[in-house]
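Taken straight from TrEMBL:
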REGION    1-21  region 'Disordered'
TRANSMEM  70-91  transmembrane segment
TRANSMEM  97-117  transmembrane segment
TRANSMEM  124-140  transmembrane segment
TRANSMEM  146-166  transmembrane segment
TRANSMEM  178-202  transmembrane segment
TRANSMEM  208-227  transmembrane segment
TRANSMEM  248-266  transmembrane segment
TRANSMEM  272-292  transmembrane segment
Amino acid sequence: MTEKPGNDQPPKRGHGVSRAEFRAQVKTTRADFERQVQTTKADFERQVQATRAQLDATNERIEARTGRNLILAILIGLVLGGSMLVSLIIIKQLFMIFAVVIVAFCAFELAQALRYAGRNVPRIPVIISAIAIVPAAFYGEATGQWLVMLGGIALIALWRLALLVIPSHRASARSVVGDVGGGILIQVYVVFLASFAVLLVAQDHGQWWTLAFLILVISADTGAYVSGLNFGKHPMAPSISPKKTWEGFIGAGLICMIAGVLLSIFMLDQPWWFGLVFGSVILLTATFGDLAESLIKRDLGIKDMSSWLPGHGGFLDRLDSILPSAAAAYALYLVFA
């Protein structure tokens, strides 16, 4: 077979990539990818740090104006609120456990604060009474409530008198009367008022009334906080609570009225106008409770009742508005329910 001219050259080899070149390309690609990841990670960390710095700066400005660590306050409020909500809705008896812990802590805090101010208030009978009044009010209702409250006062007085046999606890008659008076303050202001929430829960559909007045207290606190933070210029009671303003009170009132009407219609099966009454009453009692506790702390020379709840202070610092509001809500239940 005759060969065609021009075909006497050997065929050329293809331009393939050697194994070494392939490995080099993979290594280069991996290095580029790792650099990109590191760059992205660094950018993300810078953004997180910048955002955190902005949040910290904002929180510091808010804390400087209101005296509250907002982030911690929200987190702790959610935990406490969630626990209470579960105890109210699922089983009423669970609320007693929640109430026992809270009332006992509040009573102990005030006893400690009074002792810090020089009043030798016996803590053991105070805590015994705070614990006992919860089941007494739940099962014995008003009768059990009054028996434990009066019995607690008697126990505190007898306990303080019994301590006089110990040389280190001896004091003048005037000091002993002051110590017993401090115990009576705890019994009335903390133990007795808190027991109205237990009384209310024990009633038919009482858990919904309790939840409603708690929502109103939170609404008043939130409305006052937001309005006061943004518009507050005129102090309400500068000698008692310098950061509480009339603008905050007006904002709290508007939120309470709206929340009261909605709760009245959709939760309590009451006419809309009852929501205005309910909201107005809780607005006044919540404000009074806040100012009353501020006055007590100012007289005792302390900023917070304790430091157990970061961002809030103590348990009593969170329940100051709830205590008188519980009594008011129970009274409204007896009249309108």
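Placement of Cβ uses the backbone N, Cα and C atoms for every residue, glycine included.
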Counting Cβ pairs under 8 Å to the transmembrane segment (208-227), which of 97-117, 124-140, 178-202, 272-292 comes out on top?
272-292
Quickly jot the same-chain residues contacting the transmembrane segment (272-292) by Cβ under 8 Å, restricted to those at least six beyond its ends, or write none.
189, 212-213, 216-217, 220-221, 224, 237, 240-241, 244, 249, 252-253, 256-265, 320-325, 327-329, 332, 336
